[in-house]
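Colleague: Have a look at this one.
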Amino acid sequence: MAHKVKLALPPLGLGVYLAPPGECYNAVKTALQLGYRHIDTAAFYKNESDVGRAIRDSGIPRDKIWVTTKLWVDDIVKEGSATAAFQLSLGLLNIDYIDLYLIHAPAEGVRLMAWREMEDVCRKDTAATLVFQTTESSTYPLVNQIELHPFLQHRDIVAYCQANGITLQAYSPLTKARKLADPTLMKVALQVNKTPAQVLIKWGLQKGYTSLPKSVNAIRMKENMEVFDWSIPDEAMVLLDTLEQGYRTGWDPTVWD
């Protein structure tokens, strides 16, 4: 619900997928010190309390940090469960509001019910923005977070989102480091004098996507931030676009048993 968004969605954020307690706290606090202003967590990651504590301990005003968390599929099963799950996440984070609340993945048969509960949550001013797609809802999604990188480009989803004003957000933009040695990627990295990881992040930014690279390493977090004062030439972007392989680094959230 756009009128409640308190802060513009930062183009780059820190993902904390399954980062264990302690390690997650240190990573988030370091990231905030480095200039990150978007932290992406989830109920499933079991580290929301660490994220919230690091934000509070950072000394940075809450309204300068974008916080995303997610509703897990087990909490979409019956009426009222999505609302309860949101309140639990808000309590674990121990912050006044959540900027972005996503359905982590679709669950068969109950998506619309969960979405309508999330609409109710949003109306109570404890969540600024809702995310996901349904055709029978009075609230439209503003963001769609999917795995996006040159090796998995989701051109049909991208085209739909761009045509409907939905911001695309890339998780696993670094392919979990599995494609960093790709010859074409390395060629482009050499051409622009950047690391393959930086090229992957920049590819998404130049496409207009926001990006959520995960790292708990301060050096890599800093490196991942250094993507705003240079660009990939058009011909190199075209070359990177040829890398499409339908390559997923993990699960397919569109398939749920």
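The backbone N, Cα and C atoms fix where each Cβ goes, glycine too.
TrEMBL lists these features:
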DOMAIN    23-243  domain 'NADP-dependent oxidoreductase'
ACT_SITE  TYR45  active site, proton donor
SITE      LYS70  site 'Lowers pKa of active site Tyr'
BINDING   HIS104  substrate binding site
Colleague: In whole Å, how far is LYS70 (site 'Lowers pKa of active site Tyr') from TYR45 (active site, proton donor) when you measure between their Cα atoms?
Modeller: 9
Colleague: Long-range same-chain neighbours of LYS70 (site 'Lowers pKa of active site Tyr'), Cβ under 8 Å, sequence gap at least 6?
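Modeller: Same-chain residues close to LYS70 (site 'Lowers pKa of active site Tyr') (Cβ under 8 Å, separated by 6 or more) are THR41, ALA42, ALA43, PHE44, TYR101, LEU102, ILE103, HIS104.
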